[in-house]
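As annotated by TrEMBL, transmembrane segment applies to 6-24, 31-52, 64-85, 106-128, 140-160, 172-194, 200-218, 239-260, 280-303.
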Amino acid sequence: MDVLQSLLPIVLALAGGFAVGRFLPEKIGSALVRCILPLVWLLLFLIGAEFGEVILSAQSVGQVIRSAAVFAVLTTLLPAALIFAAKVRGAGAREGRSGGTHLQAIWAPLKECCLALSMVVLGSLFFLANATFMDGAFPLPSSSAVLMALIALVGIDLARVKLSARWFSWRVLMVPGLVVVGSFAGAMAASLLTGETMRTSMALSSGFGWFTLSGVMVGNHLGQTYGTMALMIDLFRELLAIIALYMLGRYYPAVGIGSAGATALDSTLPIVKQACHPDAVPMALVSGFVLTILAPVFMAFFLS
């Protein structure tokens with residue numbers, strides 16, 4: 001039921017945007033799609049504010065952050081490495097070139113990545129300053145509302161993308177499959193490095209970036225400290241996914257989409273649209289949807 005409640009607003013926003021996009025004049029549709037970029041920056045700022053809230057409320061914050069960082073790095077890098085090794089490139093992937101042109105191509109995503117991380121840092125600093133020194137005098141807009149607006153705009157843009165049966169091929173389904181395998185392999189390695197039990201490590205790694213789900217489910221079963229750790233693991237995974245999408249999305253969209261995990265269906269979907277070729281958006285939708293369904297199933301199993 002929780003999964004359906006989480007999916008319903010996303011599906012409605014995407015479907016509504018898609019339906020509107022089919023009938024909008026080209027000029028109006030293009031103007032609306034141009035709003036995606038500023039809304040992405042706003043969403044990143046709000047994600048940073050949520051991260052600042054977690055840091056401010058966490059107990060034993062140093063140990064929690066260290067363990068969360070270990071889990072996040074391993075459960076992001078190993079799936080990405082598996083997807084890269086399997087040569088799942090995805091539509092719109094571009095071949096790299098040598099020389100000055102290649103350096104120029106690297107600079108564009110590097111600049112975008114730095115800007116994205118700057119917005120996250122600014123959001124965290126704003127929340128900490130607002131909560132500590134101004135007693136919350138400056139409320140922020142809801143990140144959920146901004147996200148739904150972004151997904152609706154992505155739906156409008158998606159109405160202009162031609163879908164085909166190949167997006168539901170085994171190569172596309174390999175992406176979420178390898179994310180699951182890589183995440184569990186990362187959980188095993190993190191268990192050895194942090195001293196957490198294997199079952200707990202598997203539960204902590206089963207959110208696939210869906211931090212609102214993992215924080216609640218793990219917190220209810222293992223206590224607030226573990227709930228905070230699960231939330232931070234998936235927040236870190238989302239931040240790493242943002243870096244991967246901006247750095248690799250142009251040439252290896254499947255790697256970036258795999259790094260995004262379940263968030264490819266929602267919070268990082270607009271970034272997929274911005275950083276990757278438009279033809280990569282259906283892969284993100286399929287992968288994000290599959291992982292969104294699997295996350296609570298695996299988490300409930302390992303927490304039982």
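Any Cβ shown, glycine's included, is placed from N, Cα and C.
Ranked by number of Cβ pairs under 8 Å to the transmembrane segment (31-52), the listed stretches 6-24, 64-85, 140-160, 172-194 are led by 140-160. At the 8 Å Cβ cutoff, the transmembrane segment (64-85) and the transmembrane segment (280-303) share fewer than 3 close pairs (sequence separation 6 or more) and do not count as touching.
Remote same-chain residues near the transmembrane segment (200-218) are listed as 2, 6, 71, 75, 179-180, 183-184, 186-188, 190-191, 194, 226-235, 237-238, 241, 260-263, 268, 291-292, 294-296, 298-300, 302-303 (criterion: CB distance under 8 Å, separation of at least six residues from the stretch ends). Same-chain residues lying 6 or more positions outside the transmembrane segment (172-194) and placing a CB less than 8 Å from one of its CB atoms are 67, 70-71, 74-83, 86, 88, 90, 166, 200-202, 204-206, 208, 254, 257-258, 261, 282-283, 286-287, 290-291, 294, 298.
Proximity of the transmembrane segment (140-160) to the transmembrane segment (239-260) is not established, fewer than 3 Cβ-Cβ distances being under 8 Å for residue pairs spaced 6 or more apart.
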